[in-house]
Amino acid sequence: MTATDHDPAVPPTSRTIRTFHPRRGRMSGRQTDALDRLWPRYGLDVSDEPVDLADLFGRRAPVVLEIGSGMGDSTAVMAAADPDRDYLAVEVHTPGIANLLDLADRAGLGNVRVARGDALELVSGLPEGVLDAVHVFFPDPWPKARHHKRRIIQPAHVALLRSRLAPGGTLHCATDWAEYAEAMRETLNADPELVDTYGGFAPRPAHRPVTKFERRALTAGRPVADLIYRRR
Ligand SMILES: C[S@@+](CC[C@H](N)C(=O)[O-])C[C@H]1O[C@@H](n2cnc3c(N)ncnc32)[C@H](O)[C@@H]1O
């Protein structure tokens, strides 16, 4: 059972439908070393145990949740530029997790922690209203119609993410998949507790670093859409 099962505000979703591809990845020597050295200090496994964010970061500061942090490039750059907020990245891909631990260590970032596991389970275990922002950058687009049920941005997941935002907190999504961008906009607009800050797609915010997904998209001629909503 996850905490969502008990939360009447959040419609149930099946946890057997995953939003990620199971994939194996080879770890570089540097990543293996980073995981061994840094996991005990900066890592946590997603579990049924509730997460105490103040305890995790050793202070009370606004927390940004980075869902599907990939190799961690965005998280490391944004956390370095934003030392007054804490960044919790969640990812299932171990080489990416290890890479972020390495980046954070090299940059001496005290405001980064990395969770391994399903972001939806992690979020279910958080109390309501504890997040300052949720970032979902370049989520897997699951382009085939029969796979749309795997998309992370869908009504039940949005209701869950929004419930963990503090009033005024931000849900920021970015995608290079035009059809997913439209579907995201519809889904986010349909949530009565979210306000569209820009009345449509947002101008590209300078604080969101360019990652390999964005570079690839732009090279292939796919424009990137940002959607930035606030919890009422
Ligand atoms: C296309 S990548 C984008 C990575 C990164 N955000 C970027 O912009 O470079 C999507 C990532 O989301 C992760 N992911 C998808 N669903 C997830 C979930 N439920 N929990 C944690 N990570 C997830 C995948 O493992 C993958 O690494």
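Including glycine, each Cβ sits where the backbone N, Cα and C put it.
Taken from TrEMBL, the feature S-adenosyl-L-methionine binding site covers Glu66, Glu91, Asp118, Asp140. As annotated by TrEMBL, substrate binding site applies to Lys144, Asp176, Thr211, Lys212, Phe213, Glu214. Residues or ranges marked as compositional bias 'Basic residues' by TrEMBL: 18-27. Residues annotated as region 'Disordered' in TrEMBL: 1-31.
Shown here: features listed in TrEMBL, placed on the structure.
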residue: Glu66; record: S-adenosyl-L-methionine binding site; Cβ contacts under 8 Å, 6 or more apart: Ser74, Thr75, Met78, Tyr87, Leu88, Ala89, Val90, His135, Phe137
residue: Glu91; record: S-adenosyl-L-methionine binding site; Cβ contacts under 8 Å, 6 or more apart: Gly68, Ser69, Gly70, Gly72, Ile97, Leu100, Val114, Ala115, Arg116
residue: Asp140; record: S-adenosyl-L-methionine binding site; Cβ contacts under 8 Å, 6 or more apart: Thr19, Phe20, His21, Gly68, Arg150, Arg151, Ile152
residue: Lys144; record: substrate binding site; Cβ contacts under 8 Å, 6 or more apart: none
residue: Asp176; record: substrate binding site; Cβ contacts under 8 Å, 6 or more apart: Phe138, Phe213, Glu214, Arg216, Ala217, Leu218, Arg222, Pro223, Val224, Ala225
residue: Thr211; record: substrate binding site; Cβ contacts under 8 Å, 6 or more apart: Gly70, Met71, Asp73, Ser74, Phe137, Phe138
residue: Lys212; record: substrate binding site; Cβ contacts under 8 Å, 6 or more apart: Met71, Asp73
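Listed as Cβ neighbours of the compositional bias 'Basic residues' (18-27) (distance under 8 Å, sequence separation of 6 or more from its ends, same chain) are residues 35, 68, 92-96, 98, 118-120, 139-140, 142, 150-152, 157.
Sorting the compositional bias 'Basic residues' (18-27) by DSSP state (H, G, I as helix; E, B as strand; all else coil) yields 0 helix, 0 strand, 10 coil. DSSP gives Asp118 (S-adenosyl-L-methionine binding site) a coil state; it is part of no helix or strand. For ligand 1, no neighbouring binding-site residues occur among Lys144, Asp176, Glu214, by Cβ distance under 6 Å.
Around Phe213 (substrate binding site), a 10 Å sphere centred on its CB holds 19 further CB atoms from the protein chains shown.
In three-state terms derived from DSSP, Thr211 (substrate binding site) belongs to neither a helical nor a strand segment and is classed as coil. Listed in chain order, the residues near the S-adenosyl-L-methionine site other than Glu66, Glu91, Asp118, Asp140 are Thr19, Phe20, Ile67, Gly68, Ser69, Gly70, Val90, Val92, His93, Ala119, Pro139, Ile152, each with its Cβ within 8 Å of the site Cβ centroid.
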